[in-house]
Amino acid sequence: MAHLSSLAQLYLKIADNLSSDDVRKLKALLVHDEILGIAKVEHAEPIEIFTMLKNDMIIGEGNLGLLVHILRSLGKRRLAEEAERLEQAQQTEGSKPQDKSVTGQPEEKGPEDSASDDSGEEYSTPRSSTPENTEEKEAIGASASTAASGDDIEKQQLASLHIKELARLTDEPKTTAPGPQSGPNSSTDERDAEVKLSSLQAELNTDVVKGDKEKQFDLCCQIGDLYRTKLHNLQAALVYYQNMLECSESLAGDPNSSKTYNRLGITYDILGEQQEAVRSHEKTLKIYKATENNEICVAYKNLASSFQLSGKVSDAKDNYKSALAAARKAGNKPEEMDIYCKLGDLYRKQLNNPHVSHKYYTKVLSLARDMGKTYWEMLAYNRLGVVCQNMQDYELALEWNRTALKMSLSDGDEKDQIQGHVNVGDAYRNLGNKEQATFHFETALQMAQQTEDRYGQMQVYVGMGDLQREQLHSPRTAIQYYEQALALARELGDRNQEGVAYNRLGHAQFDMGEYEAALEGYQRVLKIQEHVDDKKALFIQYLTVGNAYRFLGKLDQATSHLNSALQLAQQTGDQQGQMQVYFSIGEMQKDQLHSPRTAIQYYEQYLALARQLGDRGKEGVANNKLGRAHYVMGEYEAALEWYEKHLKISKERDDKKEEVRAHTDVGDAYRCLGKIEQALSYFDTALQIAQQTEDLHGQMIVYLKMGDMQRKQLHSPRTAIQYYEQYLALATRLGNRGEEGAAYNRLGRAHFAMEEYEAALEWDKKDLKIRQETGDKANLLITHNCIADSYKALRKLDLAKSHYQSSMTIAKETGNMQQQMEINLWLGDLHRKELHEPQVSHEYYAMMLTLARDMENKDKGRLAYNRLGRVHYEIGEYAAALDWDKKDLKMSQENGDKTAQVTAHKNIAASYQALDKSDLARSHYESAMTLAKETGNKQEQEVIAKRMKGLQTCIVS
């Protein structure tokens, strides 16, 4: 077992003897003397500061002068003298002794990183703890067959999956057995195991043993356990366990059979053959129920683990609770602690209920402290850190993870230290502290590379990729880290980690708008998951692939995959999962099917579940999405109400990123309501927060909205261009091709508004290139329309028509009926006004009307009536024109659109005038004049007055 070096012990002693005031002075000294930067030390613990100084080779073994100076400056004379004595002793030795705290142990995959959810519960507070019994860690970690530490467990007949082994199996596909553990000590352990194996096999083959079934049984058990736990040859282990079963049939008593079925079950669990595992564990349980054996809690627990691995979460939960009741009845505290931890993992990972999970981990911590089990105490800190990450309580997650890291540093197990640094780095990442996150990730990577821990390296690469993608909004840089993780996963033959890397690569490509490339990676992972009995993983992949299809406009495939995801979430009682699906379907209804009113129904289901789960973060998201749906429908007052609710929650949670978004959205609603001062105030606040927090993505969106306000509301396209250029610069810097394309689009629209059509066309073509490269059909359609508008303004009508038709093809391919209506309108106008082909235009307007009726879109239907009336008027069919104009008037009166009513009255008057019905013509002109005065439209009043004067002239003549 590794021991703590003298220097490491000194660091811990110093850290424990520094008050909070001492720590502040320590940081001030280092910053003042420019030894370490303020960003590095601001949130660091003393142990972390000493590690930074060591890594920078400022202090170290035989080189403690600076440390002595700092301690004297802090008034810590005795500690300074102790540091001085240690430095002299190390210098006298003439060489630096190896720090045994970095000696590797056989690889044990630690608790995994996890996705984010929200918090909303009181937590117990992390406390500092100095572990004492370092051998205990080795006892727990050495054998996957040991359920918990301590003599009580070692005396048990039944083996069970170690908590780390179960965590590994719930995260990896069960189709392949794990390979041998890697690390500096693994070859030595394997040689020792092989020597022992040879001795046991030789004994098994002696004549004496061949005639003794009981001795054969015991030797087969030992050999099978060696193959399973040390040599990781599960097929060989099965052979010997089957021999145990044959021996047990010749021996009296159930304990032998139960011991055999127990080991067969565990082996089948690791092999991923859950049906066989369940059958074996059920036989063990049946025997223990009949004999009322105190170890029945282990039998229940093993059966629960099998159900958990097979995705039967409800059965797993029931059996864990039966195991817990049996452990309590027997007073078996170590088993109680292990079961609490496994229940916590079940609720966190499979049931997506971090609040319940937190309660179980707190019980693990309490028992570990009471029993003096330092390894389990560290494991509890680790799990509490992970679950607080799930609940987005990153400050508390950081405290727990720091405490776990401190214990791992004193324990000397590098696997746990690497995991500790990764978890602390991840907490800092989520808190937006990029300097500290990078420091801990780099420390973990250095340790993992030194110990050839490839799993540890993979974790770090994923974490550093996430930092680049999520916090630094640099998906292109993130891809470099994810590719390194993928290469390692392939080297290890780990299909699950390969899937993780492909998914992360897909997310980064998705962020850049490269949807086809993202989909390809997602589908690879789905193929893997479809052959693994893991409903949670399969749910996630169906959802991911469905969203990729959604963004590509392939809505049938999207709907199919999203429905499969929803079905799985409902089957497993996964309410968080159901929320995710409702969110995605709502987005598809709003963005792809252009049915925001239907989208609202899904967002409301999402909101109801968020409230039911007490998830304030998700409630804020729901408020934002409901606001967006009303915004799309032009209901800006309603949108503003929902956006303000989102802003309130983001402030309550002190979520700066969401505050930026909420302030931007509130400002945008005020912009659309024409309340420019309020809009500007909210935009300014959003920009200020985004700049303070280095939120480049947030800044980018504010520049976009401020540009839109200058162009649309303030009619200052030249000023708008300045904001759009800042928007473009940030999009390019972040490698976000989707936003880069949008910036080109906006710059094109600004130049179009200034009648600079050639310049507009140049920007539109840049946008087109990006959309074609990324396969973003939704925006490709819009880009073709913009290019058509520019060509139309330049009088290049054939090119305009070609791009409108390209847009129509995409709209039909993607089922975008809303855009089909718009394009029919534009093509109709092009043929009527520019190409002077009224019959062709009539066909387009008729198609527009059919679509409007199918979609129950009254606004577009009214517009189609208007255009059909104009076609008939222009070809001299005044009676037919009158019929369409009357329908136009009726619909505009029904929806209260007075501007549209003015136009309809004028058109009716013109038709009556053409039919020589002057009195009726005058009546409608008078109605149009009244409405124009009510709306204050002086330009329309002048037009109507001229027409009435012309009508009077016709009557006189």
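Easy rule for this one: first residue shown is 1, then count along the chain.
From the backbone N, Cα and C atoms, a Cβ is placed for every residue, glycine too.
For reference, TrEMBL has these:
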| type | residues | note |
| --- | --- | --- |
| DOMAIN | 6-85 | domain 'DED' |
| REGION | 83-151 | region 'Disordered' |
| COMPBIAS | 92-104 | compositional bias 'Polar residues' |
| COMPBIAS | 140-150 | compositional bias 'Low complexity' |
| REGION | 168-195 | region 'Disordered' |
| COMPBIAS | 178-187 | compositional bias 'Polar residues' |
| REPEAT | 258-291 | repeat 'TPR' |
| REPEAT | 418-451 | repeat 'TPR' |
| REPEAT | 499-532 | repeat 'TPR' |
| REPEAT | 539-572 | repeat 'TPR' |
| REPEAT | 620-653 | repeat 'TPR' |
| REPEAT | 660-693 | repeat 'TPR' |
| REPEAT | 741-774 | repeat 'TPR' |
| REPEAT | 862-895 | repeat 'TPR' |
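This prediction places the mean pLDDT of the repeat 'TPR' (258-291) at 89. For the repeat 'TPR' (660-693), same-chain residues at least 6 beyond its ends with a Cβ under 8 Å from one of its own Cβ atoms are 432, 620, 624, 627-628, 631, 634, 636-637, 639-640, 643-644, 646-647, 650, 699, 701-703, 705-706, 708-709, 712-714. Within the same chain, residues 311, 313, 350, 503, 506, 510, 515-516, 518-519, 522-523, 525-526, 529, 578, 580-582, 584-585, 587-588, 591-593, 775-778, 810, 813-816 sit at least 6 positions outside the repeat 'TPR' (539-572) and bring their C-beta atoms closer than 8 Å to a C-beta of that stretch. Helix, strand and coil content of the repeat 'TPR' (539-572), in residues and according to DSSP, is 30 helix, 0 strand, 4 coil.
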